[in-house]
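**Student:** Below, the features straight out of TrEMBL:
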TRANSMEM  9-28  transmembrane segment
BINDING   E79, D108, K285  UDP-alpha-D-glucose binding site
ACT_SITE  D108  active site
BINDING   K286, D310  Mn(2+) binding site
ACT_SITE  D480  active site
TRANSMEM  556-577  transmembrane segment
TRANSMEM  589-613  transmembrane segment
TRANSMEM  625-645  transmembrane segment
TRANSMEM  678-701  transmembrane segment
TRANSMEM  713-734  transmembrane segment
TRANSMEM  746-771  transmembrane segment
Amino acid sequence: MRHRDTDSVVLWWVTVFGDFWFGVSWLLNQASKLNPIRRVPNLALLNQRFDPPGNGSSSSSSQLPAVDVFINTVDPVDEPVLCTMNSVLSILATDYPVGRHATYFSDDGGSLVHYEALLEVARFAAVWAPFCRKHRVEPRAPESYFAAKADNAGPYAGDAPAQFVDDRRHVRREYEEFKARLAALFTVIPQRSEAHGPDSAKGATPTFMADGTHWPGTWFEPAANHNKGQHAAIVEVVLNHPGDEPQLGAPASSENPMDLSAVDVRLPMLVYIAREKRPGYDHQKKAGAMNVQLRVSALLSNAPFVINFDGDHYINNSAAFRAAMCFMLDPRHGEDTAFVQFPQRFDDVDPTDRYSNHNRVFFDATSLGLNGIQGPSYVGTGCMFRRAALYGADPPRWLPPDGSVSKQLSSSDNDPCHHFGNSMPFINSIPLATHHERPVSPPPASPLDAELAAVATCAYEDGTGWGDCVGWVYNIATEDVVTGFRIHRKGWRSMYCATEPDAFRGTAPINLTERLYQILRWSGGSLDMFFSRNSPLLAGRRLHPLQRVAYANMTAYPISAAFIFLYDLLPLMWLSGSEFYIQKPFATYAAYMFAGIAMMEVSGMVEITWAGITLLDWCRNEQFFMVGATGVYPAAVLHSLLRLVGLKGLPFKLTAKPQSSGAAAARERFAEVYEVQWAPLLVPTVVVIAVNVAAVGAALGRAAAGGWSLPQLAATAGGMLFNAWVLLLLYPFALGIMGRWSKRPYLLFVLLVVTLAAIASAYVALLPVFAPRSVSPFWLGFWSRVGSSIFPTSWRI
């Protein structure tokens with residue numbers, strides 16, 4: 001802690017605080033990994049106890065609990081409708097009792113395209129779901145299934161191998177026709193509306209449904225009460241509850257070439273929801289949409305468990321629901337388990353995972369560590385919840401001996417309307433949500449229509465606990481992490497479930513700019529959580545101490561960026577003179593520094609060994625952390641500082657999904673990874689790269705000119721090692737801003753060499769002019785002769 005250079009005391013204090021913070025954050029990160037646990041679901045035992053062999057998904061005697069599935073989407077263009085409908089199809093065909101799961105599709109844009117696309121899904125699913133059950137194909141999203149190569153399909157698992165090829169050919173034709181009908185919706189609906197003519201009362205051309213009535217949601221030509229921010233609530237049952245008794249299909253015929261005489265052809269319940277939108281209301285984005293789904297589903301099916309998906313995720317392993325049930329129904333910890341989180345896996349990520357989209361270190365290392373404490377955090381999609389936990393109930397282990405979850409929910413407040421709103425049918429459904437053995441019953445037809453519309457209105461949540469102590473949490477960008485934290489704070493556990501093959505797969509933002517905006521939203525929301533009343537530092541005694549440490553690390557990590565960014569700019573300072581602004585003696589400092597770095601890297605190697613990830617995954621994680629720390633995390637810190645002083649903060653841009661498909665995608669599968677979308681978020685990292693490249697070039701030039709003494713030369717070599725390490729970590733970013741030139745990575749190294757040579761040459765040429773005393777006599781004489789022939793007389797040495 002001694003320092004003799006009074007000229008750089010401020011910088012020295014920055015390094016002291018920076019090194020201290022790095023040490024603390026590293027210890028916080030390690031504390032959550034002290035007891036990693038890998039839990040594997042035992043599907044055979046689950047089926048034996050709750051769904052005996054031979055019953056399958058068509059059995060009326062299955063004792064598996066009911067599940068409500070939530071899917072969320074906003075725009076059929078930004079989130080391609082084909083991708084979203086594939087997600088729905090994978091759910092309708094999943095390996096779970098047909099009468100015991102229902103799907104609720106939330107369209108936050110109120111688009112008729114989505115509603116009529118669901119009608120087309122119901123039509124095609126009558127062929128697709130029986131085909132999947134008959135031949136037990138995987139995955140059960142048709143786009144992914146038909147795109148997979150035959151070599152990756154695995155051995156045939158169905159009961160009719162002789163019919164498989166013909167059936168597959170027939171279903172493939174049906175799917176191509178289905179895709180054509182989906183694509184035509186964007187043309188058919190406007191043409192249908194134009195044929196009906198404008199509405200004189202509205203002064204605009206309404207959007208008409210197929211039955212000739214006005215679409216109550218968003219019109220193609222927006223008008224009052226019919227645009228994205230202003231329309232009535234819509235709840236439409238697309239597929240009714242199928243009942244509990246199996247219905248076998250028809251044998252093969254000239255009209256139906258598939259033999260379905262031994263296959264249950266029922267389809268699960270499917271419901272379309274577009275919640276009400278009104279000006280002046282904060283609709284709370286995704287969290288608000290899922291809370292509406294929670295209320296609507298309680299009135300229709302009221303399953304004790306719910307699972308949510310983003311619109312771009314589909315079921316890749318049809319046994320995923322059963323895998324989650326292994327943890328929820330486990331007699332050891334099942335009753336105290338609030339949610340089961342699956343890892344996020346993605347299609348269409350480049351083979352090297354340039355921007356660390358898979359985030360393997362978090363999902364396959366950190367989450368396993370959390371699994372040994374109180375459980376992993378909620379990450380927004382692919383998560384099964386216990387409905388009672390979302391309602392704010394306490395876990396059984398924290399209830400009095402004579403209490404129960406259902407009893408607590410029914411008597412937790414003298415006025416339940418204060419918490420849950422004024423819908424008595426919904427309030428009456430709350431205690432029933434804890435009954436695992438209760439089957440889903442077909443909902444009544446008309447009596448609930450008005451109630452369904454009421455719970456989907458904007459004003460329903462006014463003055464209630466929704467968004468605070470009930471449902472998904474509001475007023476934060478990372479509603480997922482905060483919702484999971486609120487549940488953990490009540491004393492609930494969570495479980496991490498990784499299956500083989502992956503349970504769910506989705507679409508990742510493989511464009512650099514979109515990926516950085518995604519990281520900005522996550523990091524900014526994390527800091528907002530850390531400085532809010534949901535801070536892990538303020539949680540009660542029910543939160544495990546190490547779980548508190550893990551949440552503190554997950555929410556405060558962007559603070560490191562302030563020190564990292566300054567460290568990355570140090571070359572500007574140490575190249576300005578011969579003095580290095582670090583603690584002396586340099587050799588001792590370097591010994592401690594490299595020993596500490598070596599120990600951390602060795603611990604990282606141990607971590608990837610027990611986590612089962614590759615060295616490339618670990619390197620990509622390190623690289624993209626540096627990319628975030630130089631540009632994204634400083635912006636997140638700025639956002640939180642603005643919020644703390646009462647300002648609005650930075651606007652968070654929603655992540656756009658890859659749009660390439662069809663012929664374009666076939667020609668160039670990873671086309672979007674080579675697109676460059678310049679944004680202010682890229683500038684700080686570009687500056688860091690430029691500074692470090694300039695530092696190396698100038699150091700090489702000064703060494704060539706003989707401007708370093710031998711001790712200075714050794715110190716410069718150590719400094720250049722730091723520069724090289726920074727540039728290596730920022731390598732994916734440099735490739736990203738090269739655009740299509742990054743298809744040939746060697747060009748980046750050629751450009752680097754040329755740039756270093758140019759900077760070194762310029763430095764050598766200018767050094768005798770501006771700092772002649774730092775040049776050796778030989779080079780000084782040489783440049784004097786050169787200068788006399790090139791530079792004006794007034795510039796001569």
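Cβ coordinates come from backbone N, Cα and C, glycine included.
If you look at the structure here, what lies around each of the features I listed?
**Tutor:** Its own atom aside, the Cβ of E79 (UDP-alpha-D-glucose binding site) has 21 Cβ atoms within 10 angstroms in the protein chains shown.
Taking the Cβ of D108 (UDP-alpha-D-glucose binding site) as reference, residues of its chain lying under 8 Å away and at least six apart in sequence are, in sequence order, N72, T73, V74, A274, R275, H283, K285, K286, A289.
Long-range Cβ proximity for D480 (active site), meaning a same-chain Cβ under 8 A and a gap of 6 or more residues, is found for S377, Y378, V379, G380, W472.
The list of residues near the transmembrane segment (678-701) in space but at least 6 beyond its ends in sequence, with Cβ under 8 angstroms from a Cβ of it, reads 512-513, 516-517, 520, 565, 568-569, 571-572, 574-575, 627, 630-632, 634-635, 716, 719-720, 723-724, 726-727, 730, 733-734, 737, 752, 755-764, 767.
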**Student:** Applying a 10 Å Cβ distance cut-off over all chains shown, what neighbour count does D310 (Mn(2+) binding site) have?
**Tutor:** 22
**Student:** Please work out the number of neighbouring Cβ atoms within 10 Å of the Cβ of K285 (UDP-alpha-D-glucose binding site), leaving out its own Cβ.
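**Tutor:** The Cβ of K285 (UDP-alpha-D-glucose binding site) has 17 Cβ neighbours within 10 Å.
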**Student:** I'd like the number of other C-beta atoms within 10 A of the C-beta of K286 (Mn(2+) binding site), please.
**Tutor:** 20
**Student:** Do you know offhand how many angstrom separate E79 (UDP-alpha-D-glucose binding site) and D310 (Mn(2+) binding site) by C-alpha?
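**Tutor:** Between the Cα atoms of E79 (UDP-alpha-D-glucose binding site) and D310 (Mn(2+) binding site), the distance comes to 10 Å.
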**Student:** With the UDP-alpha-D-glucose site defined by the record as E79, D108, K285, how many Å span the farthest pair of C-alpha atoms?
**Tutor:** 15
